[in-house]
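> Here's the feature list from Swiss-Prot:
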- His268: active site (ACT_SITE)
- Cys247-Cys264: disulfide bond (DISULFID)
- Cys392-Cys398: disulfide bond (DISULFID)
- Asn113: N-linked glycosylation site (CARBOHYD)
- Asn129: N-linked glycosylation site (CARBOHYD)
- Asn199: N-linked glycosylation site (CARBOHYD)
- Asn253: N-linked glycosylation site (CARBOHYD)
- Asn265: N-linked glycosylation site (CARBOHYD)
- Asn292: N-linked glycosylation site (CARBOHYD)
- Asn297: N-linked glycosylation site (CARBOHYD)
- Asn329: N-linked glycosylation site (CARBOHYD)
- Asn354: N-linked glycosylation site (CARBOHYD)
- Asn364: N-linked glycosylation site (CARBOHYD)
- 231-252: repeat 'PbH1 1' (REPEAT)
- 254-274: repeat 'PbH1 2' (REPEAT)
- 285-306: repeat 'PbH1 3' (REPEAT)
- 327-348: repeat 'PbH1 4' (REPEAT)
- 362-394: repeat 'PbH1 5' (REPEAT)
Amino acid sequence: MKFSYSFVQVVTLLLSLSPSVEGFTRSRNDACKPNHPFRPLPPSQPRTKTCHVVSNGHGKDDSKNIMKALHKCNNGGKVVFDANKVYTVGTALDMTFLKHIDLEVLGKIQFTNDTDYWQANSFKHGFQNATTFFQLGGEDVNVYGGGTLDGNGQVWYDLYAEDALILRPILFGVIGLKGGTIGPLKLRYSPQWYQLVANSSDVIFDGIDISGYSSSKNEAKNTDGWDTYRSDNIVIQNSVINNGDDCVSFKPNSTNILVQNLHCNGSHGISVGSLGQYKGEVDIVQNVLVYNISMYNASDGARIKVWPGVSSAMSEDLQGGGGLGSVKNVTYNQMYIENVDWAIEVTQCYGQKNLTLCNEYPSNLTISDIHFKNFRGTTSGKRDPNVGTIVCSSPNVCSDIYAENIDVKSPKGTDNFVCTNVDKSLLDVNCA
């Protein structure tokens, strides 16, 4: 049984992200291996015409040229961003009208660093102050080619250090897409999350290479690899992620999600949530399979994070608590960890440091039918002697949480778990 990438596997995966369309298939189901989507993905129709986007060069805005090519080749065509060319985007692009179209990105698309413009004009999505440079949506849309999208993030990292309330755009916004393939692509220096998948279904992300760190003392914060939100039947696979926040995060109303074959470094793990942030709103995450993950230098491996039933503040720009909903039928299977603080973390006290208050006002979200299987590796030692924590705010809101074949130890050889308000007989771990 394989738990992690070998060196050869990592090299092969990196090579698959080179500027080519090799591996792209219009039969999306054939691309999903070894596990298949929860529901068959619709095939993509052939394309019969090609449009090349003209680059103005010299940092001039190419947005009009991009939109012209998209309209011209919509409904059955392919739009090409040519190799060895840089396309500058200084205008928010609404591309939710797309239908039966491919975008082949061979060159580089770079977004301007005009922070005043983007704060005023980026697309606002409501949840957690999310904004995007563009909205890509419609029906049967494929984006591939191995080229680069560059968010010019450094100016945003420095600005956020001065003002935590600024609106930082997400690099890649998939909004309202019904049927699509994204990748291979390289994503670099996103101001905030790298990808938001909202109100979308039947989309596969395959061969995404994510990387981008700050060159100043100000960290690149909140740089999640993917955030799924109000989306169904999404596949994320065969990708390399070097970032500073969640490798993948399943935000509210994410259902039927498959994540497999990822190499995550420097992240906060693969996370359910956070959920329950908005009082009175119902958040559901259901039917999720996370399979064959390598997790390095992270705060968490597998993580479920839920806000308590009382108002809390994680940071100046992230506050909430009191929401409703459920987490159900989530499986993490085959995860290798190295230098990770918590191999497994389940918390219903996200954003609240006062544990007494958290227990007095337990979470309104239920967590049930959760499976952690076949973990191995070594933690960072930060939580010694503990390697994992499975803590519910009340025994009434957690049920059927299982852990089996967990072979994880701290650098000192300990393997303790914190287990609170859960059925310990279902946990094949050392509940200290």
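Don't overthink the numbers, they just go from 1 along the chain as shown.
Note: Cβ is positioned from N, Cα and C throughout, glycine not excepted.
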> Given the recorded positions Cys247, His268, Cys392, Cys398, state which is nearest to Asn329 (N-linked glycosylation site) when distance is taken between Cα atoms.
Cys398
> I need to check the long-range neighbours of the repeat 'PbH1 3' (285-306): which residues 6 or more away from its ends have a CB within less than 8 Å of a CB in the stretch?
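That would be 2-5, 34-35, 38, 246-248, 250, 252-276, 326-348, 350, 363, 365, 367, 370, 372, 375, 377.
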> Can you tell me the CA-to-CA distance separating Asn129 (N-linked glycosylation site) and Asn297 (N-linked glycosylation site), as a whole number of Å?
28
> Quick one: DSSP breakdown of the repeat 'PbH1 1' (231-252) into helix, strand and coil?
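Across the repeat 'PbH1 1' (231-252), the residues distribute as 0 helix, 15 strand, 7 coil.
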> In angstrom units, rounded to an integer, how far apart are the Cα atoms of Cys247 (disulfide bond) and the residue listed as 'active site'?
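Roughly 6 Å, rounded to the nearest whole number.
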> Could you give the Cα-Cα distance between Cys398 (disulfide bond) and Asn364 (N-linked glycosylation site), in whole Å?
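A Cα-Cα distance of 11 Å.
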> Could you break down the residues of the repeat 'PbH1 3' (285-306) into DSSP helix, strand and coil, giving a count for each?
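Looking at the repeat 'PbH1 3' (285-306) with DSSP, the answer is 0 helix, 22 strand, 0 coil.
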> Roughly where does the repeat 'PbH1 5' (362-394) sit in mean pLDDT, to the nearest integer?
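Residues in the repeat 'PbH1 5' (362-394) carry a mean pLDDT of 96 in this prediction.
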